[in-house]
Structure formats: C-alpha cells, structure tokens
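Here is what Swiss-Prot says about this protein:
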COMPBIAS  304-316  compositional bias 'Low complexity'
DISULFID  C56-C69  disulfide bond
DISULFID  C60-C75  disulfide bond
DISULFID  C77-C86  disulfide bond
DISULFID  C93-C104  disulfide bond
DISULFID  C100-C113  disulfide bond
DISULFID  C115-C127  disulfide bond
DISULFID  C173-C186  disulfide bond
DISULFID  C180-C195  disulfide bond
DISULFID  C197-C212  disulfide bond
DISULFID  C218-C231  disulfide bond
DISULFID  C225-C240  disulfide bond
DISULFID  C242-C253  disulfide bond
DOMAIN    52-87  domain 'EGF-like 1'
DOMAIN    89-128  domain 'EGF-like 2'
DOMAIN    132-168  domain 'EGF-like 3'
DOMAIN    169-213  domain 'EGF-like 4'
DOMAIN    214-254  domain 'EGF-like 5'
DOMAIN    420-563  domain 'MAM'
REGION    301-389  region 'Disordered'
SIGNAL    1-19  signal peptide
Amino acid sequence: MDFLLALVLVSSLYLQAAAEFDGRWPRQIVSSIGLCRYGGRIDCCWGWARQSWGQCQPVCQPRCKHGECIGPNKCKCHPGYAGKTCNQDLNECGLKPRPCKHRCMNTYGSYKCYCLNGYMLMPDGSCSSALTCSMANCQYGCDVVKGQIRCQCPSPGLQLAPDGRTCVDVDECATGRASCPRFRQCVNTFGSYICKCHKGFDLMYIGGKYQCHDIDECSLGQYQCSSFARCYNIRGSYKCKCKEGYQGDGLTCVYIPKVMIEPSGPIHVPKGNGTILKGDTGNNNWIPDVGSTWWPPKTPYIPPIITNRPTSKPTTRPTPKPTPIPTPPPPPPLPTELRTPLPPTTPERPTTGLTTIAPAASTPPGGITVDNRVQTDPQKPRGDVFIPRQPSNDLFEIFEIERGVSADDEAKDDPGVLVHSCNFDHGLCGWIREKDNDLHWEPIRDPAGGQYLTVSAAKAPGGKAARLVLPLGRLMHSGDLCLSFRHKVTGLHSGTLQVFVRKHGAHGAALWGRNGGHGWRQTQITLRGADIKSVVFKGEKRRGHTGEIGLDDVSLKKGHCSEER
C-alpha cells in the first residue's frame, strides 16, 4: 500500500514538470556548425555565411591561399605553408627535429632530402651507404640508374656542370623558362626565380588575387618636384610640371619675369601708305611705301649727315616690307642719323649712304638730326613691337619689318615644335564647346592645383554627349601632328571619351577611345594627313552614370609622336 502511494506521488510530480516546459530554444546555441539565436530567430553566427544548400560556412577575408577556412578569418594551412592566410612558404628544413637525416633543401610548399657523399637516398627517405656514390664525389648526392652512377641536382633550376659532379644555376629569366604575370619582372635566384613587381608598383591583394598596383607617389609624398611645380601621377611613375609663371623641367623651376611695353603716346597716321615710328622725344618718323628704296649690301655704320637748320622736322626712313612670317623681337637701337630727303628723284644705289623717295608735301625744306642707328646684334624681347624679321650683319635687309611677332609665332616656323598647349587653368585657349550638345565640358578645380575639364552629369534619359572642338586654321596644311593629353575615365559606369578629327566638314570613325580606368593617364596620338580642319574630344554619359570624365594638359606638336600610348 505504501509503495502504491509513493508511485502515485512521483507520477504527479513528473506530469507537473512536463506541463511547465514550453519547448523553446535557449538564448544562445553553442554549436560547431555556426548557428546562433538572435531573439526569436536562428541564423548563422557572425563571421559565418549561409551557403546555397543551407549550411553555415565560415568566412575568411582575405581568403586562405594554400589552406581552408575553419572559422571566421581563421585558416588551416596545407602542409608546407604558413601565415595568417597560408600565403607563405614554410621552411621545413628549419624545423626541429629536422625532417632529413643528411641534407635538406627547402622548396615552395615542400622540401627535399639529399644524402652526403658516399650515401644514397632510399625510397623511405633515409640515406644508405653506397660506395659507388662515395667514389663519384657528387656535390648533391647521386643516383644509380641501370648500374651506372649519375650525380643529381636537387632543383629544376640547377643543372650538372661540365665536370659531371657539381651543379650550376640556370637563369630562367634569360633562357625564357620563367613565366611571370603581367606587370611583373623576373628575378633569378640560385636554383629558381621569383616574379617581382616593376618599379613604381606594389603587390596588393585585389579582387581575390594578388596584383601589382600602381603607387601614387604624389599622394604619398614620394616625389622630388620643385616647390614651384605640381606632381602628376602616371602609371609606374610620376611627372613634375612647373606652375603658371615658372619654367623648367619640373625638378627645377625658374620664375618668368613679366615684361610690359607700352607706347609713349598716341600715334597719328597721315594720309597715304606708310608707317610712323614715334620715339621717346616725340619726333615722328614717316616711312612712306616706296618700292625703289635700296639699302647697301654691307653697311656696318651710317655716317651722320646734319643739316644747318636745328628745328624739329619729320624725317623719312625706308619703306617697310610687310611679311606674314613671324620672327624674333627687336634689338635695342644704336644711334643712327638720317636726313630728310630732297624732292623725288630717280632712285640710285649709293655706296656709303641711303637714298629714299618720299612725297614732297610730307617733308618741308630743312631737317634735323635724329638718332636712329640700329644695333646689329639682334635680341628677342617679348611683346607686340616693331622688330626685324631677318637679323643679320646687314642691319635690316631692305628694312624688312613686321609687327606683332611673338615667341609663340616664331616657334610655328620650325618643324617638330609645340604649336598649341592648354592646361585650362585660365580658359579654353581657343577650344570651342559646341552649344547644340546635350552635355557640356565644364572647368573644375583640381585638388593638386589649377583646373581641368569634366563632362557635366546627364539629367535626362538616353544617350548624351559633349564635344570640345579646336579649329586648326593655318595648321590645317601642316602635315602630321602629335596630339598629347591627360585624361581620366573613372568610377562606376563612367561613360566614354573619344577623339575624332574633322575633314571636309565631317568626321569619321573615332581615332581613340576609353570607357574605364583608374586615375589620370597620359596618351599620345599621331593625327595623320594635311587636310585636318579640327580636333574633337567627345565625352558620352548616360543618366545614372556616376563616374567622371576628365581632360587636361592638351598639346599639339608638329610631326609624328615619339611613342604611341
């Protein structure tokens, strides 16, 4: 009876405990499959990711190169490798106890054992005494093949020397046996080789693999530009460019002094063809257009001829001969005295002086002494002034004079020189933005200093384009031209940048184009043909494209480009 009562009591307590259990999971699940409870749901723990079949797998960033991921950012390396991401070779020969009995040579991901002279390597890796190998005296041991002794080398990068006993290195880089990825150079080592990034590049883990990435020396401060220059990063290196108002190679920049030449006063031009030169003393020199004026072939000095009347009167000088060809600017004048000519006479060629013909009404009787001697050594000051076109020992050859020749105009006469250059810091330099396009080229401040052009963002759906045109004008018949420019087409869906040339009112297919990249790049293109009317840069963007198209440092030179890139 007592036993039955005890059994009933135990049964009631069990049923009460079972009724209180609601079947819910605990707050945290300690499991080897990476499951955790987050409030009322169960999901993969932090550092784990759910696979397509529903199981949670650990995630390692970066990935394990020679191993497997066993936990969040935790790699288990394969034999022969070490490191956090299993990307380093394990030197088994340095382990204790040593894996080899005699000689050990480490290889990438493994190792090899070799026996001393007089021993042979057995199949189990041990070394056994061999009188035959001892007699051969091999550097790295020997092997018996069909009863013959043959010395062996431990690596494919080693080969037997002519003596048949020692091993010499094989230069895989020179023989072409090496195979290095792009942008890496081969460096030979004893028994092997390594692939190393070129100068200006650094090995980085990008996109799930190791790549040679360009080093931005400008942003890192690893450049040697002048303090008056800007640093521009290019692929594998950098370049220095002097700032506005300075000149030089970028490593050394020298200030360019500003020179301004202003006229001393207003110049009155009388009726008729001719030119008036006004000096500092206020005396006007009227130079008529007379085709019969001659200048002696070699007259180093013109002797002064002074009239009896000292009052100020205009004097005449030879007729200028205009020419469209630009020349260097004028030299500082030396004292020269000319005399007011007599009424018109028949022109003759004197031996020691100058004879001119001018209208009688322009010069009254009498004359004055005017210091108009010209220095024979030509100089080249800048500015829009009257300058000699052909400087020589003959002073001015028949007074061939033109106005408005600058250093830029003079450079256009010489082949292979710069004929146009623009960095857009102070405007478009002759480039024209076509207004009928959907988009426009706009100047934007460069963080490194100055400005560059960029294509505005598209605001309507469909294809959009912005065109920048440079009319060549007189350069249209200059032959081949070298177009050089810096550009960048960066970002997600950045668009397209293209180069065209227009001939006979229309342009053909694009000569060059780019729709992606990283950072600024330098490009040179040879524009072939003598009938090019204009050069066109076309930038295309669509709505929603977040990338940037940039253009800067555009220049044109005569002739072919030294390097197409």
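Even glycines carry a Cβ here, placed using N, Cα and C.
On the structure: features taken from Swiss-Prot.
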residue: C60; record: disulfide bond; contacts (Cβ under 8 Å, 6+ apart): C69, P72, N73, K74, C75, T85
residue: C77; record: disulfide bond; contacts (Cβ under 8 Å, 6+ apart): C64, H66, G67, G83, C86, L90
residue: C104; record: disulfide bond; contacts (Cβ under 8 Å, 6+ apart): E92, C93, R98, Y111, K112, C113, Y114
residue: C173; record: disulfide bond; contacts (Cβ under 8 Å, 6+ apart): C186, V187, N188, Y193
residue: C197; record: disulfide bond; contacts (Cβ under 8 Å, 6+ apart): F183, R184, Q185, L203, C212
residue: C218; record: disulfide bond; contacts (Cβ under 8 Å, 6+ apart): C231, Y232, N233, Y238, A448
residue: C240; record: disulfide bond; contacts (Cβ under 8 Å, 6+ apart): Y223, Q224, C225, S226, A229, R230, C231, Y232, D249, G250, L251
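Each residue in the domain 'MAM' (420-563) has a pLDDT score, and their mean in this model is 83.
Spatially close to C180 (disulfide bond) yet at least six residues away along the chain are C186, C195, judged by Cβ distances under 8 angstroms.
Considering only the disulfide-bonded residues C56, C100, C115, C127, the residue whose Cα is spatially closest to the Cα of C242 (disulfide bond) is C56. Counting same-chain residues at least six beyond the ends of the domain 'EGF-like 5' (214-254), those with a Cβ under 8 angstroms from any Cβ of the stretch are 198-202, 425-426, 448-450, 486, 518-522, 553.
On its own chain, C100 (disulfide bond) has C93, Y111, C113, Y114, G125 as residues at least 6 apart in sequence with a Cβ closer than 8 Å to its own Cβ. The Cβ of C127 (disulfide bond) lies under 8 Å from the Cβ of K101, H102, C113, C115, L116, Y119, M120, L121, each of which sits 6+ residues away along the same chain. Taking only the Cα positions, the spacing between C56 (disulfide bond) and C253 (disulfide bond) is 62 angstrom. Same-chain residues at least 6 positions away in sequence with a Cβ under 8 Å from that of C253 (disulfide bond) are, in sequence order, S226, F228, A229, C242, K243, Y246, Q247.
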